[in-house]
2 protein chains.
Amino acid sequence: MPDQVPLQLGNTRLDRLHLALESGALLQAGKMLNALHPGEIAHLLESLPMAQREMIWELVNEENGGEVLTLLADEVRDDLISKMDVSELLAATEGLDTDDLADLVQELPRTITQEILDSLDQQHRERLEAILSYPEDTAGGLMNPDTITVRPEVTLDVVMRYLRRLRDKIPHQTDILMVVNRDGKYLGVLPLTVLVTHDLDDTVAEVMSLDVRAIPANWDDGRVANRFEQHDLISAPVIDEEGKLIGRITIDDVVDVIREEGEHQFMGQAGLSEDEDMFAPVLVSTRRRALWLGINLLTALMASWVIGQFEATIEKIVALAVLMPIVASMGGIAGSQTLTLTIRGIALGQISGKNTRWLILKELAVGSLNSLIWAGVVAVIAGFWFNDVNIGLLIATAMCINLILASLTGTVLPIALEKLGIDPALAGSVLLTTVTDIVGFLSFLGLATLFLI
Amino acid sequence: MPDQVPLQLGNTRLDRLHLALESGALLQAGKMLNALHPGEIAHLLESLPMAQREMIWELVNEENGGEVLTLLADEVRDDLISKMDVSELLAATEGLDTDDLADLVQELPRTITQEILDSLDQQHRERLEAILSYPEDTAGGLMNPDTITVRPEVTLDVVMRYLRRLRDKIPHQTDILMVVNRDGKYLGVLPLTVLVTHDLDDTVAEVMSLDVRAIPANWDDGRVANRFEQHDLISAPVIDEEGKLIGRITIDDVVDVIREEGEHQFMGQAGLSEDEDMFAPVLVSTRRRALWLGINLLTALMASWVIGQFEATIEKIVALAVLMPIVASMGGIAGSQTLTLTIRGIALGQISGKNTRWLILKELAVGSLNSLIWAGVVAVIAGFWFNDVNIGLLIATAMCINLILASLTGTVLPIALEKLGIDPALAGSVLLTTVTDIVGFLSFLGLATLFLI
């Protein structure tokens, strides 16, 4: 289904803005810009090279500034923040939701954080400190303390009057009200759809729903996302260890988690961060990519060292040099298929102690069957190419060894890395390639040395 | 942030269910199972090897069956459906939301689809046919026609009475009511939070919001997802070409689109479909993976053919065989970094005609700088290793050529593929590797033949 995401080459709004900027109509450009939704402004900023980005950022008014900052990719945001002074930052943070403010504050220098905390009233500050006490990637770090709570014994009529008093202070994405007891313990939810469809004389206790289980504050964000997906939630209550309601998580933040998880897996394979800014300055990008290239150079050098051990063999049979990349590369492909599947399984929480053994055996079987098929094909091609049955047999054997080992590594490696607390999405592919390159060259050239010379 | 998605090795619910099954307590297992949310049942089924999956599926009761089917990954669903007879399928589709039913119907044989259509009342059937008339990956295909509409001239009191009559028929994830005129044209929305906080004597027109722009039915799903993310929507109206309201899209379906887009990018790199079932039978997995291995074998054979053209050169300087994989592999790594970044940029709609040139130039600059750094390092290592300055100069030159070309290919290739209607997430990596392998071997061995022999 997502095959056909459009290139959006004719993004007219962007084009019109460009036009206004190029013609120097800054006032008009500013108006066009601030009429956009903060999410759209953030998207626009992310799509611009650095120089233009800063020019556009200058045009964003204070009212939008804070929310735009919270919606930007980390890297773009940090860059813009680094160029703002304290008073601009204080102005931008005014009126933000507490969870957004918490996100932002974590990126700021400590001195500025203190100034922002000092500028808040006590209730607001305590709420912010509550969020900041949880790691960013947990339910506690995702939550917003601004929940609307009601007591079970009141009637819907009382609830309605309470809501009318709140009016514009009702937080966005409020689909349910939280029902708590006298001690603040979470009891259940009162969906707005229930509120508007039931008799106003009914009590909350009579009509509330017990279906929405509260999320403990220490759950990690991946687990929170799975809960939202499996239960089709829009918002969910968060509780502390004593079952007390301390906030709620809304779907917009969960969508960010899901988006980032997907990007993390995808970009991690190439050693990139999900926050990588496409329009970062050349030197910043170069430095960041250089590290990954360096790590991979080590892998390549190790593989070359293995080949170097067989110089004498290659000198006698040059065909080996011609064919050896095939063995290494097919192992890499087979291994990365298994690796990819396993990393996704881990992320979705589909891999448990119960099915790990089954999965390893299955991947071994798939790898073995495919190694037989393609080793056969390669054997025939190589045999005819160099007019030598032994070369064919040799490459077939080496390929079987490498593909089977690749399947095993592709399953076991990410599970082991995860248990060791190392991110498989980042470290998996380079470690796998090291194994498949070395085993590929070693088995092919080693067997040749043993049997052909 | 998503670094620490847990392995959930101690999934107690799964373990307890296993225990119940192993001890033969089927009745108890069935009860435990059907007490779960359909989303959780789907997740559980996806986490089980085939034989156990079918056993568990037998235990799912009719009430849950249909919804579980709609929540399963395509591949798992198709497999279960293939084993159900017509009456079971008819029972499962009863009571489903129209958009879910549409998803399901598209996977069924035509004869069964007709039976299901016949079993519906006219209104229901017309709605289903309306969805089926749009491609699955458009706003029209995602939408659900079951919207609640109100007219601008009525008072909130009338709306409230209308909702009380509907009561349990209010569709899930209803956060806004749609305001339409006499001709069914979309005018704006009435959020439930506005409904419950305003005077019941106010008219809808007085308090409705014009902020939610309607989504045209022909928008593709990636664009819909971007709109939801940028505007923090929970549900949004869908209109036809004449501006008439024809349905609404809810965030749960958008979350699926985002999840699938991420998985598509990640798994596509390894030639896997995002619907790939981790627990598919060995033969099914083998066949599917074989194709990708075969395509990559072609790439590897082409690279080998290039090396084969230089057999005489390698025979004279075996060091070339030892070092040549470094040139090819570093090009592959540099290219895949650029490719990954560009594919994500396309998916996020961040790449437009305006910034393509800038992006290409930037990636070329990054590639050039990194090629200089690492070519220098490799030159020194290779020079000392083989005690030959010329070998060092040679590999440095070849690496520069390959890395710069890789950066160019990594940017231009996915943009070109997208314009040609070919999915860059699937075809990009194999085409890129072909280029970096061939250019890597050709430049290194070709230059050696020209200058060292």
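A Cβ is built for glycine as well, from the same backbone N, Cα and C atoms used for every other residue.
Copied over from TrEMBL, here are the features:
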DOMAIN    A:143-206  domain 'CBS'
DOMAIN    A:208-266  domain 'CBS'
TRANSMEM  A:290-307  transmembrane segment
TRANSMEM  A:319-343  transmembrane segment
TRANSMEM  A:364-385  transmembrane segment
TRANSMEM  A:391-417  transmembrane segment
TRANSMEM  A:429-452  transmembrane segment
(request) Could you give me the DSSP helix, strand and coil counts for the domain 'CBS' (A:143-206)? (result) 21 helix, 17 strand, 26 coil
(message) Counting by DSSP secondary structure, give me helix, strand and coil numbers for the domain 'CBS' (A:208-266).
(response) 27 helix, 16 strand, 16 coil
(request) Sort out the residues at least 6 away from either end of the transmembrane segment (A:391-417), same chain, that have Cβ-Cβ distances under 8 Å to it, and list them. (result) 317, 319, 323, 326-328, 330-332, 334-339, 341-343, 346, 351, 356, 359-360, 363-364, 366-368, 370-372, 374-376, 378-380, 382-383, 423-424, 427-428, 431-432, 435-436, 439-440, 443-444, 447-448, 451-452
(message) I need to check the long-range neighbours of the transmembrane segment (A:429-452): which residues 6 or more away from its ends have a CB within less than 8 Å of a CB in the stretch?
(response) 269, 271, 295-296, 299-300, 302-303, 306-307, 309-310, 313-314, 317, 320, 323-324, 327-332, 334-336, 339, 390-391, 394-395, 397-398, 401-402, 405-406, 409-410, 413, 417
(request) Across the whole of the domain 'CBS' (A:143-206), what does the mean pLDDT come to? Round it, please. (result) 93
